[in-house]
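Okay, so here's the structure we're looking at.
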Protein chains: 2
Amino acid sequence: MIKQYTYNEIHIKDIFSRTEEKNEIAEVVTEIIATVRQKGDIALREYSLRFDGAALEDMEVSPEEMQKAYDAVDKEFISILEEAAEHIRGYHEKQKRSDTMYMPREGVILGQKITPLEKVGLYVPGGTANYPSTVLMNGIPAKIAGVKEIIMVTPAKGGKINTEVLAAAKIAGVDRIFKIGGAQAIAALAYGTETIPKVDKIVGPGNAFVAEAKKQVYGRVSIDMIAGPSEILVIADGQSEGAVVAADLLSQAEHDAMASAVLITDSKELAEAVSVCLEEQIPLLPRKDIARKSIDDNGKIILSESIEEAIEIANQIAPEHLELCVDNPFEYLAQIRHAGSIFLGRNAPEALGDYFSGTNHTLPTAGSARFASPLSVDDFIKKSSFTYYTKDALLKEAEKINTFAQREGLTAHGKSAMIRFEKEGEK
Amino acid sequence: MIKQYTYNEIHIKDIFSRTEEKNEIAEVVTEIIATVRQKGDIALREYSLRFDGAALEDMEVSPEEMQKAYDAVDKEFISILEEAAEHIRGYHEKQKRSDTMYMPREGVILGQKITPLEKVGLYVPGGTANYPSTVLMNGIPAKIAGVKEIIMVTPAKGGKINTEVLAAAKIAGVDRIFKIGGAQAIAALAYGTETIPKVDKIVGPGNAFVAEAKKQVYGRVSIDMIAGPSEILVIADGQSEGAVVAADLLSQAEHDAMASAVLITDSKELAEAVSVCLEEQIPLLPRKDIARKSIDDNGKIILSESIEEAIEIANQIAPEHLELCVDNPFEYLAQIRHAGSIFLGRNAPEALGDYFSGTNHTLPTAGSARFASPLSVDDFIKKSSFTYYTKDALLKEAEKINTFAQREGLTAHGKSAMIRFEKEGEK
């Protein structure tokens with residue numbers, strides 16, 4: 001049964017389950033990374049046999065294997081994947097940025113050059129479920145940014161990868177796929193092996209070992225984020241239907257037992273209705289055990305005085321997904337400061353964003369929406385600043401630069417500006 | 001004496017010195033962070049006494065202390081700081097972004113909302129030198145982004161902070177300043193103590209302990225980057241003056257012994273001239289011992305066949321600073337793919353970007369310009385996506401979402417879309 005609270009009774013930091021760094025995992029991962037750096041492909045083959053039961057002949061998926069997988073998927077689902085990809089492409093195309101140039105003073109040109117990353121590694125989890133949507137959500141923004149090579153890794157239980165995942169990879173434009181998963185795949189992407197190329201950035205979700213490995217290689221390569229369990233926060237007014245709100249909460253609760261589903265409402269009646277509907281709906285779900293545990297452990301209903309107060313609470317929580325189930329959601333949009341993805345109105349279930357609307361489903365969790373953003377084309381480009389000065393323009397500023405540098409005790413910095421104006425003998 | 005190489009003789013990955021993670025530092029830092037989390041202010045006071053010789057009464061710099069420091073700095077330097085700040089403001093203002101909205105299909109609105117971070121921590125190193133420029137380069141972009149509170153921390157040797165650093169903080173618009181440095185300051189910003197507020201992001205350079213602490217708290221808060229020793233790569237043609245190129249190389253070499261200064265030229269004569277000029281100029285520098293060690297250990301001259309080949313080598317190195325000392329630098333700009341900040345032509349010494357031109361001096365090091373960018377206003381905002389659907393628009397897509405969700409084994413996801421169209425009895 002879901003628990004109910006008032007604003008005064010809750011501790012914001014306990015709203016969503018947060019995993020603390022586990023030292024045992026860190027140690028195992030450190031060892032795996034060191035082994036892959038030292039032994040390369042041999043280590044990858046050993047780990048694949050041990051963890052995935054896969055005695056890999058070729059680590060890489062061949063073009064024929066790819067085509068065969070694509071052909072094995074039914075036309076209906078291919079067409080759904082294609083349409084989802086088109087929506088995702090449309091939204092992310094709008095995120096593309098241009099080089100800029102700016103002439104602030106006579107003889108001075110400053111600017112910013114945008115360059116795509118060259119090689120990106122995309123981790124796709126294997127395990128209990130298959131996630132073709134993950135492939136689309138990570139691969140498409142990378143392609144739009146202009147990434148030259150997207151290298152996907154995924155564990156192949158018994159040597160096989162799900163055909164729908166492979167079909168999604170083909171649609172997203174993934175360039176190469178390797179049948180390697182776990183921390184060893186992250187190590188291979190970060191350092192390179194004989195077979196797997198070193199990449200510039202690693203994106204994609206994974207289990208605790210994959211997350212820890214990403215954290216450990218961060219700095220040597222870039223990473224997207226350290227994602228935690230999924231969360232949904234629904235703000236709903238008294239006009240909302242209990243069954244609908246309950247279904248939206250359960251769409252996150254079914255992810256895993258650590259997932260959190262929270263409702264904030266200013267209506268005691270809705271709170272009761274949702275509570276009842278949850279109990280009705282949970283037993284009907286194929287993943288009822290997971291949803292049950294998630295709702296019992298992490299599910300919450302918070303009663304607020306008003307929708308405004310509900311939004312204030314949401315800002316303190318900074319949820320991954322925020323639904324705003326009211327008639328006039330745009331009235332409140334400006335008040336929402338911290339949320340990964342916002343679903344406005346009564347007809348925007350969060351599942352839209354997971355699969356189909358076009359926005360990205362890789363989102364900041366565990367309150368990190370305070371400082372992090374949905375995955376976007378920005379994640380696959382980087383910027384270089386540039387500076388051009390004429391000699392006259394430099395002359396106007398050289399003395400000041402020299403003074404500034406001397407105050408910081410860095411005289412050679414000052415000299416590098418001044419020397420351009422010194423006479424032959426002085427240099 | 002600087003060493004000379006041809007393209008064939010060099011190993012790209014050895015060009016710049018890269019520090020491997022040091023386990024001893026990691027352990028010390030882990031303990032400091034745990035202690036600050038547990039004991040809060042008491043731990044901060046103990047560490048300040050032990051590491052900085054500061055028995056702090058008030059950890060926070062008072063408004064009077066701030067004003068007094070500002071008044072103590074000479075007018076000439078204040079005016080240079082103000083002008084530098086104006087240039088930095090001008091350049092970074094251009095980086096501001098707007099919310100966007102997009103209507104891809106009937107009844108569908110998608111968009112991206114930009115929100116500034118609320119609290120940002122700014123680390124300013126103490127130690128041998130004082131860096132007012134660091135305060136401007138980090139504080140100004142944060143203010144332009146709209147950050148509500150910039151909280152600066154810096155070690156106060158004997159309880160004192162340099163007056164020029166405090167003046168720069170006033171000009172940059174820093175809100176609060178605490179006399180705490182080292183890994184303990186990073187821990188305080190990441191977790192909060194009785195006195196120091198928890199922030200959303202920590203920026204600014206620091207020693208190996210600070211860098212390790214930033215790495216360890218990454219995920220809980222955002223960080224700018226893990227910066228390594230400074231680097232400059234100068235590409236210069238045969239028309240360049242040896243003394244000028246040598247001075248530019250030394251402007252990085254004087255930073256610290258780990259810094260790297262590298263020249264790539266297609267002119268054997270320039271290579272010789274620069275080598276001679278380095279030997280002439282080094283003994284004249286106040287920081288000659290540091291520059292000497294940096295040039296001897298990490299300095300390199302690489303002879304290329306052409307400027308094009310020099311740029312190709314530079315792209316493989318991905319330097320923090322890249323100077324392109326040729327007559328027509330814009331001809332080559334498009335070819336440069338990986339560099340933090342690019343200085344074009346014969347009159348753009350890198351020191352311009354350190355202090356005065358307006359671009360940022362916080363730049364990716366150790367080859368991370370392959371995937372990372374100069375610090376910018378983007379570092380102080382985050383994005384939230386938003387989605388609005390009419391009921392008709394959802395109806396057109398609900399079945400496809402349901403199918404997609406079922407293929408991933410997540411039926412409750414599908415149900416959340418379908419339930420909005422089910423009759424009362426079916427829900």
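Please read every residue number as a count from 1 along the shown chain.
Each residue, glycine too, has its Cβ placed from N, Cα and C.
Under the DSSP three-state reduction, B:Glu320 (active site, proton acceptor) is assigned to coil, being neither helix nor strand. Counted within 10 Å of its Cβ, the other Cβ atoms near B:Glu320 (active site, proton acceptor) come to 30, all protein chains included. Under the heading active site, proton acceptor, TrEMBL lists B:Glu320 (among others).
Counting every protein chain shown, the number of other Cβ atoms lying within 10 Å of the Cβ of B:His321 (active site, proton acceptor) is 27. Among the features that TrEMBL reports, active site, proton acceptor is placed at B:His321 (among others).
The feature NAD(+) binding site is assigned by TrEMBL to B:Tyr123, B:Gln184, B:Asn207. Note: B:Tyr123 (NAD(+) binding site) has non-local neighbours B:Met152, B:Val153, B:Thr154, B:Gly181, B:Ala185, B:Ile186, B:Leu189, B:Ile202, B:Val203, B:Gly204, B:Pro205, B:Gly206, B:Val210, i.e. same-chain residues 6+ apart with C-beta under 8 A of its own C-beta.
Per TrEMBL, substrate binding site is recorded for B:Ser230, B:Gln252, B:His255, B:His321, B:Asp354, B:Glu408, B:His413.
Counting only same-chain residues six or more apart in sequence, the Cβ atoms lying under 8 angstroms from the Cβ of B:Asp354 (substrate binding site) belong to B:Ser133, B:His361. The annotation Zn(2+) binding site is assigned in TrEMBL to B:Gln252, B:His255, B:Asp354, B:His413.
There are 19 other Cβ atoms within 10 Å of the Cβ belonging to B:Glu408 (substrate binding site). Chain A has a C-beta under 8 angstroms from the C-beta of B:Glu408, B:His413, taken from the recorded positions B:His321, B:Glu408, B:His413. Remark: B:Ser230 (substrate binding site) has B:Gln252, B:His255, B:Asp256, B:Ala259, B:Ser260, B:Glu320, B:His321, B:Thr365 as non-local neighbours, by Cβ distance under 8 Å and separation of at least 6 in sequence. Counting neighbouring Cβ atoms within 10 Å of each of the binding-site residues (B:His255, B:His413), the lowest count belongs to B:His255.
When the binding-site residues B:Gln184, B:Asn207, B:Gln252 are compared by the number of other C-beta atoms lying within 10 angstroms of their own C-beta, B:Asn207 comes out lowest.
Cα of B:Asn207 (NAD(+) binding site) to Cα of B:Glu408 (substrate binding site): a distance of 47 Å.
Each residue contributes its Cα atom, and for B:His413 (substrate binding site) and B:Gln184 (NAD(+) binding site) these two points are 44 Å apart. Straight-line distance linking the Cα atoms of B:Gln184 (NAD(+) binding site) and B:Glu408 (substrate binding site), rounded to a whole number, equals 45 Å. DSSP assigns B:His255 (substrate binding site) to coil, not to a helix or a strand.
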